[in-house]
Amino acid sequence: MAYGLLKGKRGIISGALDENSIAWKVALKAKEEGATFTLTNAPIAMRMGAINELAKVCDAQIIPADATSVEDIEKLYTQSMDVLGGKVDFVLHSIGMSANIRKGKEYGDLNYDWYLKSLDVSSLSLHKFLQVAEKMDAINEWGSVVALSYIAAQRTYPFYTDMAEAKAMLESIARSFGYRYGKAKNVRVNTISQSPTKTTAGSGIGGFDAFYEFAEKMSPLGNATADDCANYTISLFSDLTRMVTMQNLFHDGGYSSTGISEELVQMIQNQNKA
Ligand code: NAI
């Protein structure tokens, strides 16, 4: 059901790779809620071509941009403002990549060039999105910027390796820039810390299926889906949350506040009996 929450709002949505992507679902909901927006992804991701389908459905223009390139991001804002007919009201940062994870490197054997790349792609890129926007004055007053994080920023998940630091940095940038941009233009910056979700980035992490199931059993509401995450993101882009900023918001069915669940206790007891 649509509520017209983003009626008249303009935005930029990054990170829609295929129909499983969280950003893909956000784009569909943003359209449903009345927004107009541009879609962006790394030029290399365009080769998959799926984003063209999404662009058609959403009546959105695609503007390729490597999130590590300030020049690309400048073009992204310039062209978006051109196409949309004015400054933007919301930006979704839905970008993450670790070559160390992709290549199965353990935390004690990380390749440091790749480590730096993980931080550049997954965290610094949020700073670049914000710094460029501020310099270009590309986001309207009371605009909202949302980036996606994971609880490995606060707690150790051995298989998450260098992405744990990347997410900790991402959340820190959201706080620091949120302060600055809030003072300057009332622009809000938040991160959503999402449940494990079956996407290309998610499933690439070692042991993903096991910790997906673990989180499912641990959370009183179960894991939050990509669709649920899209709904929450839309609420943060809307005026209903205009005083929320500099927060890391857990969107995880209660996982982050649960010590252990009855299901998991039961599983271990059954295992011990067997
Ligand atoms: P996804 O693989 O669909 O999206 C990741 C996106 O990052 C892709 O579209 C990819 O092309 C883009 N990207 C990678 N390098 C880029 C670059 N240099 N420039 C521009 N874009 C680039 O996977 P998903 O899960 O939708 O990921 C979106 C965000 O959600 C990521 O930040 C991820 O870490 C975060 N997240 C995912 C969770 C999961 O379990 N899937 C859980 C919590 C957070």
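Backbone N, Cα and C atoms are what each Cβ position is placed from, and that goes for glycine too.
Record features (TrEMBL):
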type: ACT_SITE; residues: Tyr150; note: active site, proton acceptor
type: ACT_SITE; residues: Tyr160; note: active site, proton acceptor
type: BINDING; residues: Gly15, Ser21, Ile22, Ile95, Lys167; note: NAD(+) binding site
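Proximity to ligand 1 at the level of Cβ atoms, with a cut-off under 6 angstroms, picks out Ile95 from the recorded positions Ile95, Tyr160, Lys167. In this view, Gly15 (NAD(+) binding site) is surrounded by 26 other Cβ atoms within 10 Å of its Cβ, with every protein chain counted. Counting other CB atoms no more than 10 Å from each candidate's CB, the active-site residues Tyr150, Tyr160 peak at Tyr150. Across the structure, Gly15 (NAD(+) binding site) and Tyr160 (active site, proton acceptor) are spaced 20 Å apart at their Cα atoms. Taking only the Cα positions, the spacing between Lys167 (NAD(+) binding site) and Tyr150 (active site, proton acceptor) is 7 angstrom. Secondary structure at Ile22 (NAD(+) binding site), taken from DSSP and collapsed to helix, strand or coil, is helix.
Here the CA atom of Tyr150 (active site, proton acceptor) lies 15 Å from the CA atom of Ser21 (NAD(+) binding site). The least crowded of the binding-site residues Ile22, Ile95, judged by other CB atoms within 10 A of its own CB, is Ile95. Neighbour count (other Cβ atoms within 10 Å of the Cβ, all protein chains): 25 for Lys167 (NAD(+) binding site). Distance from the CA of Tyr150 (active site, proton acceptor) to the CA of Ile22 (NAD(+) binding site) is 13 Å.
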